[in-house]
Amino acid sequence: MSSLVTQINFNKINNSQSTVKDYILLMKPRVMSLVIFTGFVGMWLAPDSIHPLIAGIAVICIALGAGSAGAMNMWYDRDIDILMKRTQNRPIVRGVIEPDEALSFGLITGFFAVFFMALCVNILASFLLLFTIFYYICIYTIWLKRRSIQNIVIGGVSGALPPVIGHAAVSNTISLESIILFLIIFIWTPPHSWAIALFCNDDYKHCKIPMMPVVKGTLYTKKQILIYSIILFIVSLMPFFIGMNNDIYLIIVCIIGLVFLYYAFSLFYDTPDNKQAKRFFTYSIFYLCFIFILLSSTSTIHSLRDIIFG
């Protein structure tokens, strides 16, 4: 692997080719957008109020924190990114950003995100943001990803924390509501990620990354996806049962949850080419986004109804 990296020399890096777009790509914008969205919903659902300017700063800090983690992840994984089809177009691999520049960018961006969260918002939100960045880089990227079949499960903690950070930015506490938001994302992450691993199995095998399909095989992975999908369906009902949301939420979340289970069962009985894995993966993104939209919208409607009708 190292000889291959040396041979192509990261496409003969040329600093003059670096653009703002390349640095945005370095921050994993698709992942970052989901982090921003779930973090914002965490803020929206917090019972306390926050000044719009402070809220804006908190969202920017969450975004920069996610971006810094993405940049440092690309810095560390550059040797395997170059071997995988779905990551061969990343900025470091293409040679438009040097590895050292990517690391410096990630560290500086992360520092400012944590610093301004502490200065302008509160210490708890800042600490949670720092912990999230640390966990994603040190625990998941460096320690677990290349060593453990449970890399996605344990590493999923970092991806599930943004709504907790957002909630803490407003309330300065970690509440039951924010923990439930955490659990929804935490349980959602393994089946979502294992679906990717199914249709990118050859890439992971080539890079010797111990994803579940590589180590345990396709059938075992599909069983785990199905189990986690059932657990996720149950967890998604919790906001209703603790009074976070109303019966509208319950009805809609049951419908989209049953569709999620349908895709999970379809994947379990899928043909060996795993065509259903891509469909499951696509729907899983829609499912998570829709749940968080539903949480914020039904909560708002419920609050307005209470204000209008007492």
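Just so you know, glycine gets a Cβ as well, placed from its N, Cα and C.
The annotation transmembrane segment is assigned in Swiss-Prot to 31-51, 52-72, 102-119, 123-145, 151-171, 179-199, 225-245, 248-268, 281-301 on the grounds of sequence analysis.
Residues 58, 61-62, 65, 68-69, 72-73, 76-77, 110, 113-115, 117, 151, 154-155, 157-159, 161-162, 164-166, 168-169, 172-174, 209 of the same chain lie 6+ residues outside the transmembrane segment (123-145) yet bring a C-beta within less than 8 angstroms of a C-beta in it.
Highlighted: of the candidate stretches 102-119, 151-171, 225-245, 248-268, 102-119 has the greatest count of Cβ pairs under 8 Å to the transmembrane segment (52-72). Annotation: stretch 31-51 has the most Cβ pairs under 8 Å to the transmembrane segment (151-171), among 31-51, 179-199, 225-245, 248-268, 281-301. Comparing 102-119, 179-199, 225-245, 248-268, 281-301 for CB pairs under 8 angstroms to the transmembrane segment (31-51), the maximum falls on 281-301.
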